[in-house]
Each structure stands twice: as structure tokens, then as C-alpha cells.
Amino acid sequence: MSSLKRSLTLSDAIMIGLGSMLGAGIFVAVAPATAHAGSGIYIALGLAALVALCNATSSGQLAAQYPVAGGTYAYGRAQLGPAWGLTAGWAFLLGKTASAAAMAMTFAHYAVPGAPPLMLSCAATLALIALTTVNILGVSKTATVTKVIVLIVLAGLALFVATSWLGTPAEVAAPSATYLPSAPLGILQGAGILFFAFAGYARVATLGEEVTNPTRTIPRAIMWALGLTLVVYVVITFTLTHMLDQETLAQSTAPIFDAVQVSWMKLVVQVVAALACLGALLGLMAGLGRTCLAMARDSRHFTFFAHVSERHSTPARAEILFCVLAIILVFSVDVTQAVGFSSTGVLLYYAIANLAAFTQDREHRMYPKALQILGVVLCVAIGFTVSLPGLLLGAGAAVVIAGVAFVSNRRGRS
């Protein structure tokens, strides 16, 4: 069986995690989260971070025991059984393919603002093709490109924060004291939106076969990436609520862009936002390819996608497959529909990760079982706060996933 090459260091893995989390979410998620959570936005952010912590510790603990490609597909299969692994794998593949389409479309909106729909779709398609090509060339290329993107994004965000707080009185506007009411349901909905901005740490786990010393590296990389991302989100959220009143922030479709009061910074934000989307999309497409590779290895019907390129040591066929599927979605749905479709898949994926971690024996346990129980409860609770269109799309996907898992499991026994 062809295997992947271990070439990623701790810093590489951290950067891939950061690149996946500092994507489109940080440039758009705070606004809709504020619309739901109101003055409870910081509670929602803390709750989202808690969910992410539960899921990240479970992913890290599992990855240390199973340093293979596939993420929760491999973990669920080993700890809970084939049907659970298949359910997690299909949840990831379907949900994250929709996420890839959404990120590509978000990139297009920043790269060519105001362009007609067809041009936006073409720009998103070009981004998907270009980043798939980078991934096919090798994971070391992916890590290098991601490092460059992350450093540029962090520099751009730091510049935004500096100009927001240190600008002259004429440049920095004083927000009005408008506060939106908050409610428990709204805070949960806000946490759900913000959580999906954190979800990129799973990309590190899906690269389990390409990380050096994975038992030690993967858990550390996940926690470092999550911690650094949380710091960035707190600083950006605090800055946005300083620059914009909550009502204005809640209605914004590009909050960081709207908060900029220094004219030359608008171009910087536009470029940085586009790059952030590309960085997240790069890591996401890599994770999709490797999860597909792991599932194809265990399948009797999809062995064509179990191929690893001898020249580049990457799952090229799987990468191309999900590039094509994401392009189809780009031309079929809008961003809101894509995100809604992704929501339930992501929550189902992490719920299974927490369940799998809960069943690990003491020898491989790194974190208390209470974290895994809390993770399952929060994933389910947040899942019920999804908007009706997203819930319907997600429920339909869940039915398909469960059906495929059940049939595949029965065939495996026969």
C-alpha cells in the first residue's frame, strides 16, 4: 500500500492549523454572531472556544494513538466500529466540500468586489484549481505557502488593530452606545457561528501520516494553533466592538472592512481577507483529499482514489475529485446555503470524535472524560440552534450519510 511521506514539523503543523482557522471566518463571522448574541457576544466567543477546546483535545488525544490519515474517520472506525467511522468520514467530506465552496466564494467577493455572479463563480473556480495544484505538488509546498499566507494575514490584522486604536481622533470614529439585547438561544446561535471559524484545527489531525513524531507533534500543534487563534479572535472582536456599535456591526457583511477608518487600510484589508480565505481553503482541500484517501483504502468500491502519487507523495486523484465537487457547488448554491449544508456535517463529525475519545483506554488518555462528554453535549446543543435552511440541508445530509454507512457496514460483514 502506498504511504505518505512524513515531512511536516511542529511549526509546519501549527501554521497549517492557523491557516485553516484564520480564514474567511474572522472576516465575516463576528457580524452574524453579534446579530444573534447581541451584548452577549463575548459569552458566545467563550462558549465557542470551549466547544473548540473539547473537540481539539479529543482530536489530539486520538491522533496521538492513531497517527494516520483520515482524522475522525480513522478514529471512529478503530474505537467505535466501521459504521461510526463511515458516518464521520462522509460527514467531513460532504460538510467540508460545502465549506470549500463557501470559502472560495468568499475569496471571490473580496478579490473582485461588485462583480457579476458569473465572474465571481469563475474567480472562485480559479482559486480552487490553483490551490488543488499546490496540494498535489506536495504537502511541503502546502506548508510553505500556508506559512507565507499566515504571516501576511497576521501582519495585516495587526496593522488593522494598530490603526484602529492608535489613529488620530479624526481618523478613528467613536461608536455610539448602541447595545443589542442578548438571550440564551441567541448566545448559543452566536457560539455556533463563531465555532465554525475555529474548526480548522482538524486539518492537523487529517495530516497524521505526514507529521514527524506524530504522537507528540499533533496534540501540541492543535493546542498551539487553537490558543493563538483564540487570542486573535478576542483582539479582533474587541477592536470591532470598539470601532462599530453593535447594531452596525450586526448588519455588516464585511465588518473589518467597514470598521476601517483610514482610507489606505481598506485595500490592505481587502488583500489580507482574500489571502486568509486562500490559506484556509488550502488546508481544507488537503484535509479532504487525505480523508478520502483513508476511506478509499478501506473500501472495495473506491480503490481508484486510494492512489498516492509516486512523484509527489500526495493523494492526487482524491484532491482532484473534491476540487471538481466544490466547483459544482460554486455554480449551484450561494454562500449561505453552502455554510448551512456544512454546519450539521461538522457538528456530527466532532460529536463522533468526542465519543471515540471517550472510549480510549487509560494508557492513551491525555485529558479527562468530562471534556469529551461536554463536547458531545455542546455539539448537539449548538446543532439545534442552526437556522431552518441549514438544519434541513444538514438533516438531509445526515440521512444520506447514515444510509451509506449502514449499507457499507452490512456489505463489510457479508
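Using N, Cα and C of the backbone, Cβ positions are placed for all residues, glycine too.
TrEMBL does not curate its annotations; it predicts them automatically.
If you check TrEMBL, you get these features:
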type: TRANSMEM; residues: 12-35; note: transmembrane segment
type: TRANSMEM; residues: 41-63; note: transmembrane segment
type: TRANSMEM; residues: 84-112; note: transmembrane segment
type: TRANSMEM; residues: 118-137; note: transmembrane segment
type: TRANSMEM; residues: 149-167; note: transmembrane segment
type: TRANSMEM; residues: 179-201; note: transmembrane segment
type: TRANSMEM; residues: 222-244; note: transmembrane segment
type: TRANSMEM; residues: 264-293; note: transmembrane segment
type: TRANSMEM; residues: 314-333; note: transmembrane segment
type: TRANSMEM; residues: 370-386; note: transmembrane segment
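A contact between the transmembrane segment (84-112) and the transmembrane segment (118-137) is present, since 3 or more of their C-beta pairs, 6 or more residues apart, lie under 8 Å. The recorded stretches the transmembrane segment (314-333) and the transmembrane segment (370-386) do not share 3+ CB pairs below 8 A when only pairs 6 or more apart in sequence are counted, and are therefore not in contact.
Taking residue pairs at least 6 apart in sequence, the transmembrane segment (41-63) and the transmembrane segment (264-293) share fewer than three C-beta contacts under 8 angstroms. The transmembrane segment (41-63) makes contact with the transmembrane segment (12-35), as judged by at least three Cβ pairs under 8 Å among residues 6 or more apart in sequence. Sequence-distant contacts of the transmembrane segment (149-167), counting only residues of its own chain at least 6 positions beyond either end whose CB sits under 8 Å from a CB of the stretch, comprise 15, 18-19, 22, 26, 232, 235-236, 239, 242-243, 256, 259-262, 265, 268-269, 271-272, 275-276, 278-279, 282.
Tertiary neighbourhood of the transmembrane segment (12-35): same-chain residues 41, 44-45, 102-103, 106-107, 110, 140, 142-143, 146-147, 149-150, 153-154, 157, 180, 189-191, 193-194, 196-201, 203-204, 207, 211, 217-218, 221-222, 224-226, 228-229, 232-233, 236-237, 240-241, 246, 249-257, 273, 276-277, 279-284, 286-287, selected by CB-CB distance under 8 Å and a gap of 6+ residues from either end. Remote same-chain partners of the transmembrane segment (370-386), defined as residues 6 or more beyond its termini with a Cβ less than 8 Å from a stretch Cβ, comprise 47, 50-51, 53-55, 57-58, 185, 188-189, 191-192, 195, 340, 343-344, 347-348, 350-351, 353-355, 357-358, 394. When Cβ-Cβ distances below 8 Å are used as the criterion, the transmembrane segment (118-137) is approached by residues 100-101, 104-105, 107-109, 111-112, 145, 277-278, 281-282, 285-286, 289, 309, 312, 314, 316, 319-320, 322-323, 326-327, 330-331 of the same chain, each at least six residues removed from its ends.
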